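Here the structure is laid out as structure tokens; the discussion comes afterwards.
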Amino acid sequence: MLINKLWLLLVTLCLTEELAAAGEKSYGKPCGGQDCSGSCQCFPEKGARGRPGPIGIQGPTGPQGFTGSTGLSGLKGERGFPGLLGPYGPKGDKGPMGVPGFLGINGIPGHPGQPGPRGPPGLDGCNGTQGAVGFPGPDGYPGLLGPPGLPGQKGSKGDPVLAPGSFKGMKGDPGLPGLDGITGPQGAPGFPGAVGPAGPPGLQGPPGPPGPLGPDGNMGLGFQGEKGVKGDVGLPGPAGPPPSTGELEFMGFPKGKKGSKGEPGPKGFPGISGPPGFPGLGTTGEKGEKGEKGIPGLPGPRGPMGSEGVQGPPGQQGKKGTLGFPGLNGFQGIEGQKGDIGLPGPDVFIDIDGAVISGNPGDPGVPGLPGLKGDEGIQGLRGPSGVPGLPALSGVPGALGPQGFPGLKGDQGNPGRTTIGAAGLPGRDGLPGPPGPPGPPSPEFETETLHNKESGFPGLRGEQGPKGNLGLKGIKGDSGFCACDGGVPNTGPPGEPGPPGPWGLIGLPGLKGARGDRGSGGAQGPAGAPGLVGPLGPSGPKGKKGEPILSTIQGMPGDRGDSGSQGFRGVIGEPGKDGVPGLPGLPGLPGDGGQGFPGEKGLPGLPGEKGHPGPPGLPGNGLPGLPGPRGLPGDKGKDGLPGQQGLPGSKGITLPCIIPGSYGPSGFPGTPGFPGPKGSRGLPGTPGQPGSSGSKGEPGSPGLVHLPELPGFPGPRGEKGLPGFPGLPGKDGLPGMIGSPGLPGSKGATGDIFGAENGAPGEQGLQGLTGHKGFLGDSGLPGLKGVHGKPGLLGPKGERGSPGTPGQVGQPGTPGSSGPYGIKGKSGLPGAPGFPGISGHPGKKGTRGKKGPPGSIVKKGLPGLKGLPGNPGLVGLKGSPGSPGVAGLPALSGPKGEKGSVGFVGFPGIPGLPGIPGTRGLKGIPGSTGKMGPSGRAGTPGEKGDRGNPGPVGIPSPRRPMSNLWLKGDKGSQGSAGSNGFPGPRGDKGEAGRPGPPGLPGAPGLPGIIKGVSGKPGPPGFMGIRGLPGLKGSSGITGFPGMPGESGSQGIRGSPGLPGASGLPGLKGDNGQTVEISGSPGPKGQPGESGFKGTKGRDGLIGNIGFPGNKGEDGKVGVSGDVGLPGAPGFPGVAGMRGEPGLPGSSGHQGAIGPLGSPGLIGPKGFPGFPGLHGLNGLPGTKGTHGTPGPSITGVPGPAGLPGPKGEKGYPGIGIGAPGKPGLRGQKGDRGFPGLQGPAGLPGAPGISLPSLIAGQPGDPGRPGLDGERGRPGPAGPPGPPGPSSNQGDTGDPGFPGIPGPKGPKGDQGIPGFSGLPGELGLKGMRGEPGFMGTPGKVGPPGDPGFPGMKGKAGPRGSSGLQGDPGQTPTAEAVQVPPGPLGLPGIDGIPGLTGDPGAQGPVGLQGSKGLPGIPGKDGPSGLPGPPGALGDPGLPGLQGPPGFEGAPGQQGPFGMPGMPGQSMRVGYTLVKHSQSEQVPPCPIGMSQLWVGYSLLFVEGQEKAHNQDLGFAGSCLPRFSTMPFIYCNINEVCHYARRNDKSYWLSTTAPIPMMPVSQTQIPQYISRCSVCEAPSQAIAVHSQDITIPQCPLGWRSLWIGYSFLMHTAAGAEGGGQSLVSPGSCLEDFRATPFIECSGARGTCHYFANKYSFWLTTVEERQQFGELPVSETLKAGQLHTRVSRCQVCMKSL
């Protein structure tokens, strides 16, 4: 039973493990010697047969069986009952045709049909006769200059020239550097140099004195002021409208009491202009500066035709061309032979001061005496194999040993230096790997292969072997430190124990311990089995040359000799190097305070720390003064008195005074240093190993809808280009940094089989099926370095990069080889004081220093007695205006204002002042004050940088004397006006002008008559000039991660990497598991606290240049440091070696003008000048005959025009437009995030193996070549250094189209491109005969807008405008706004060059304000300038984000109800009918479109047509009793021929007895106005006698009565929509309209007119009662008519 349970348990465990492993990754690497990849395999014994089980339950019913066979026939049945009546039969046949009927009556003729569609076009006409062949056209203009061709082949060597002695030969090659010359005498002082570039802005000067009182400014924009004092009574208003004549006559109210004084009346009209003022008392202005050069005048009239010139003589032969490009680098030379042994070095020199200059080490000495007793002998021969041991039993693990005592705390180690140490001791043997394949045959030894049939048990552990052989002799060490003078002898008391230090780093393995005592001899053990082959030990370093050996037989080691006697004291050596600075001593005891002499009064010290608050002072007299200007920086204070004697420091360590010391052992690694400053960008290192794949990225956010008229998506990736021309060989790069140690290599490749060749490659297999995506494999080994491919084609020129940040100072170069020691020179004379140095870069802000010692205490003087108040002074003269006062106390928070209107867009703000310092950080470890480091050597020349930003305006260089050029003279006096010349010939078309301002919209053109034939597609144009690079694009939205790529094939095994530098010891890991299965790595520990700063170590070797780091974020602009004081002039140094050529010097003083030189070479073609004005139109020529069609040559594309001004931002379009053309390539963006891992490429073709196996040594660097001309874009460079190792994600899914970005700002102007290729020359035609004078042409289309005209004179002052409609003033609280803060000071501009003084012109008129210029690039942030004058009002600013809600203000007084303001009209119309003779005014705030007469409806052919009184069609501008005409089918129209009628809204005039006509009609016809309303108007009806309210947010226009319907012509009439304003008439009348007869021209009220009105309905009558009939007489009519109100939405 127990066995069964165990069996079940094992099976369960196996199943569980299989299930658990089902979803996991199978990992084939060995794990602790076990095979963990498969499931458990268990083979227990088979169990005995079990007991029989109980009887099972009854099974379910089986399925239905198959159908049986057919049975026998039954007996015949009985007769059935009769059936029901059957259905109807089918329809019968068609009967015979009937008799024809009678003819019908003719129908009424139908209406004429619609005109038919346009017929198809007619047939083409006959071709015209072919015209006569025209004369050939004139010669075309010469083509533009083509781009420079490819450099030609190097020409053959020229013929020798016999040069007479007067000619100067060609310049020879540069000679070898000459020896240093003798120091020349001191030269005379040089001329002062040219004015240098503008220095950095100086410190802000003190505020200047207040200026004189300025002229009155423009009238400001006032805010609503506080409520004023009540005004006087206004003028009487105009007479009101006549009263409504209703049925009830209103007698008026009794007179009330006298009211209180009224509100102020409306603002009066502006007064008339006052008399002109007296002339001002200003003095005559100073002479103005010379005016700018005028714009080119208008072209003169056309001149007479010139005669044809004579052909010029042929030109002279050109001069010899410039030097060609430098040739390619030659091949590497063969390694030279080994040189001879050099001359012996110099002996010891002793200079004048007695200093010994030691020479090089001497030759090896003679062999020494026989040595002392040697160590243990070499290992003996190998003994015979022992007997195989017994199989070991697995022992029981021992008990845990007792816990050891805690060790003493170790001293703090010095900081180690990162060096590449020698190879370490061999590590412990690893576990046995799987057996490898047979290796290649060993070339050195021949061994018999031992065939082990079965592996034996492991043998017992052998004894420790004897001591190994002596190692090779080590390298001689450097001299050690020496402190001959000893340390400070005073020993301080022991300090208090410090706090426990942070966890130290894991130390390196300790040194090998001393050998222990020899154990007693063990019994002879049996011979062990052959052990595993140990790993190959590392090669030792190369030893120095050994001593000569005299004896051929190695002697036995002698006994150890006695200790030698004390040697004599050696000669005092040279002073050793400075020792390591000791630790800071403890504070000394207070010294004796001797009475010092009183020093001079010191300058004020630095402010001390904030003291305790003092007691409150007595109240002072007087008002607070204005703050004084900031003082200049004070003088430098004198040095303080020497401090008191400190306590004696601890005794220093005296090193033994041995000058030629040997290297000590390597120190323990120090604590990690603080992070250094960001290094400069390193050179590319060797390619690192491929990083592991990153995890899949998060899905990107979906893009927004693409809008039309914007650049489209990038096109598909083009096909691979053709291979490019071979590029020039690049310079050898610096050696890369040593890579990190490579991973252990995989199984070695099979050894070479000499004599056999590689077989031919097999045929390519078929495409396999796509496998499932594999899991992430182990990192592949680095592949072999591929053979360099052919250089690619010339790539396109890269875009202009963004200006790089200035690189940091380069690292110090490697020290040069030391030259021969020079003899120490005498002290030179003190040099002349140097020029002030250039201001250095602002230093980085240092860490906060230690708290200084307390300053010396000077006795504080007693406070003086309080002075008596002085007598009042005399009244002074009126002072000049004071400087601006201090900002007042902040006002109490005013009441909350209404939301202001959207402001204008402001100019870009000035860069802000430095922000408030952040909160104080944690206290840093005190840094030691560094000494000023030596200037670094010049770095290696960097690669060519990106094109920089345009520099500032340079200093004008002195003009080179050129032939036939004179300096520009002063501007001459103005000549008298010349007479008008003849019209000149029409000039050539000028260059494309700058885009003018947007012209006014042109008049619409007439539609074309003939549709043009669609032309053939023209040939592709030549490549246009490259556009300007766009500004840097904003970072795009991260796309979705792509699908995982397929696993790449394993690369070819790479060459072994160079040994990497030893890394710093890692942090201590967690305790590993005891089982031999690798545990998962633990989480990263918390960073330890910073250790104490170690003492300064010796200077380490210069490390290799590191990999380039990622591009850092742009740092914040540091605070400008104070300008340092110029240092005292230093003593002259020893003459140095000859330096490298210096940087170009600054421009010297401008020399005098030299004599005219010989004519210079023809310069390159200049940039096109600014376009001239268009010439006058030429005289009309005579019409020529038709020429033959010339060959169609596509013209050269013109140069790209200058970019136009930035357009206003358009409204977003609707819908998804078609993808636009690909946009111009933007400027180089910031460095993007590391890209996702692309799919694995196909395996490359095997590289070509070059025949040479020996790599040559790099050649010496060549001399610098001449500056070449601007080359073409070079070939694509080699692949850059590997990016930082990051997890490469799978390729993302394509994102949705992004939103189009806003239109970018204007880019910088690009460099003009090369001129296009010249077109093919056409055939020269015959000269045509002059044609006849043509007829004047039609008026052409409107021309392009002209240049802006000259500014006109100031016009007379316009008359005062009419008072505008008052705006809608919301009920606002009176807000008292405090004056805003002063604006930031503007940046001072670069001072311009001084122009020539012009003649004094008359004082010009005040110019108009210019348009805002194109915003320039942001200049560098200057120091704060002086406060600028008040600027012009800025453009409206963008609406800022909504501010936080302010505290609720105090309740202000209620303002007067404002007049309704004008809002933006959007085209709604509103019709107002007055029902009187007067034209009704439009409601306030609406504009009147037209006025007219109120037409209600018309009747024609006994049919009525109604007009809605709320629509503009009911207000006809002109009145007629017959406002329409009728027409019939015969295309005949009649007017006033029938009894047709028109019906008009009527007035309140009494009903006449007879029809009225002509001049009596107007008093009965209602007038109307059509108004433009800001929103829709509606009518609301109460169905009650009360006036309904407008909906919330709507305002009332008028109230009235609900007019529903009307009839007049029998049953004909019309009605009003109850939502229309026409259904609400202001006056109620039983007969609100009058009938006019068209034919008779009369109007009258007839008895068949009825008006229908909405009636009142009580709430209870809705469904409960029947309507009761009633008749209302005059006087009661209003009681049953519904009231209404017309409302409009308030905006």
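A Cβ is built for glycine as well, from the same backbone N, Cα and C atoms used for every other residue.
Here Swiss-Prot annotates a disulfide bond for CYS1684; of CYS1590, CYS1624, CYS1636, the partner residue is CYS1624. For CYS1687, the cysteine that Swiss-Prot lists as its disulphide partner among CYS1568, CYS1571, CYS1590 is CYS1590.
Per Swiss-Prot, the disulphide partner of CYS1515 among CYS1568, CYS1571, CYS1636 is CYS1568. Counting only same-chain residues at least 6 apart in sequence, those with a Cβ under 8 Å from the Cβ of CYS1636 (disulfide bond) are THR1521, MET1522, LYS1541, SER1542, TYR1543, TRP1544, ILE1561, THR1642, CYS1643. Here CYS1515 (disulfide bond) comes close to VAL1471, HIS1473, TRP1490, VAL1491, GLY1492, TYR1493, SER1494, LEU1495, CYS1568, SER1569, VAL1570: these same-chain residues lie at least six apart in sequence, with C-beta atoms under 8 angstroms from its C-beta. Long-range Cβ contacts of CYS1482 (disulfide bond) within its own chain (separation 6+, distance under 8 Å): LEU1470, LYS1472, GLN1488, SER1569, CYS1571. If you measure from the Cα atom of CYS1527 (disulfide bond) to that of CYS1590 (disulfide bond), you get 46 Å.
Of the disulfide-bonded residues CYS1568, CYS1590, CYS1624, CYS1643, CYS1624 has the largest number of other Cβ atoms within 10 Å of its own Cβ. Cα-Cα distance from CYS1624 (disulfide bond) to ASN127 (N-linked glycosylation site): 71 Å (rounded to the nearest whole number). If you measure from the Cα atom of ASN127 (N-linked glycosylation site) to that of CYS1533 (disulfide bond), you get 47 Å. If you take the Cα of CYS1687 (disulfide bond) and the Cα of CYS1533 (disulfide bond), they are about 43 angstrom apart, rounded to a whole number. Each residue contributes its Cα atom, and for CYS1684 (disulfide bond) and CYS1533 (disulfide bond) these two points are 43 Å apart. For CYS1533 (disulfide bond), applying a Cβ distance below 8 Å and a minimum sequence separation of six or more within one chain yields ILE1525, TYR1526, CYS1527. Here the domain 'Collagen IV NC1' (1467-1691) returns a mean pLDDT of 92 for the predicted model. Around the Cβ of CYS1527 (disulfide bond), a 10 Å sphere holds 10 further Cβ atoms from the protein chains shown.
Residue density at CYS1571 (disulfide bond): 23 other Cβ atoms are found within 10 A of its Cβ, drawing on all protein chains shown.
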